[in-house]
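A.B. asks: One structure, pasted below without further comment.
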């Protein structure tokens, strides 16, 4: 199975399934000398892990990460960093009724047709459980970016169903279970989730992820443009069906005189581009939005077929999120951090000595 790695200079490879023994990843390319510990990684893992909120799945996994290699006496050695998280709360019996059926809206049918075999327990490799390792690897990238370059990567839930935020207060995000920056919308999110649970249904969501302090010059045109790699990374997150950079699809309604970001000696007057011009970071904030579909793991009966192609009906059992967008916030942060880390190392390797007479704004 290909497609388990991302990045060139900072490369992350994950392995494991939802109901397997453990999840793991190998992080290659992290520079030596970075002070890092399991506790550093655990902070973001605790933000993502299941069973911590009444609004998400009640599968209770501690998600305690173990650093197996690449760190000695609290500092990275420059060699491969091995990370492992054991699965401890699998309930595979919840999926025995669907082992010969394809859950509509999931990867069951496509995995079966591609590989000829599938792990039906919780979706196997296609489960969002895999993203725990992305978050662990992303925590390494986030710490390096912050410590060495002053770059900060943060995200928040901006919309759930028809409920959208009206304001952004970064200080509010960690004060509620929704990662919501608008305290006035928390009650509406709560009411929506309660109603969905009664109905046995789910809802989609939108997340904004922002990186501040990114220097000008990151990105490798033409095929490894920074925005292309960011879109690739964010699109790889489970349930993501759309990615926007900057104003995204709103540019369709804009005129050139409105969309362009005027330059002044003091800096840019606007940031419609989302901090990227020509595939290269402009020095402004990197801004991206992702849209996540509503999960199909719901108790509302749905049509499907079995492995013999016969029609049947399916009701999903198990423990699932009524809105997968809530726990996707730290995942989005991790993926953006991994891309920025990779491009910083690539840029430093080729362009570190580049000097221009034009001042940076």
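Note that the numbers count up from 1, one per residue, in the order the chain is shown.
Even glycines carry a Cβ here, placed using N, Cα and C.
Per Swiss-Prot, the feature NADP(+) binding site maps to 48, 54. What Swiss-Prot lists as FMN binding site is 125, 126, 127, 238, 239, 278, 293, 294, 295, 296, 297, 319, and the listing cites sequence analysis.
Buried or exposed, and what's around them? Tell me for each listed feature.
C.D. replies: Counted within 10 Å of its Cβ, the other Cβ atoms near residue 54 (NADP(+) binding site) come to 11, all protein chains included.
Neighbour list (residue 239 (FMN binding site), Cβ cut-off 8 Å, at least 6 residues apart, same chain): 128, 292, 293, 295, 324, 325, 328.
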A.B. asks: What whole-number Å value do you get for the CA-CA distance of residue 297 (FMN binding site) and residue 54 (NADP(+) binding site)?
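C.D. replies: Residue 297 (FMN binding site) to residue 54 (NADP(+) binding site), Cα-Cα distance: 17 Å.
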A.B. asks: Which secondary structure state does DSSP assign to residue 127 (FMN binding site), in the simple three-class scheme?
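C.D. replies: DSSP assigns residue 127 (FMN binding site) to coil.
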A.B. asks: Could you round the CA separation between residue 48 (NADP(+) binding site) and residue 125 (FMN binding site) to a whole angstrom and send it over?
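C.D. replies: Distance between the two Cα atoms comes out at 18 Å.
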A.B. asks: Let me spell it out: for each of the binding-site residues (48, 125, 293), count the other Cβ atoms within 10 Å of that residue's Cβ, using every protein chain shown. Which one has the most?
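C.D. replies: That would be 48, with the highest Cβ count within 10 Å.
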A.B. asks: Minimum Cβ neighbour count within 10 Å among the binding-site residues 295, 297: which residue?
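C.D. replies: Least crowded of the binding-site residues 295, 297, by Cβ count within 10 Å, is 297.
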A.B. asks: How many Å separate the Cα atoms of residue 54 (NADP(+) binding site) and residue 127 (FMN binding site)?
C.D. replies: 20
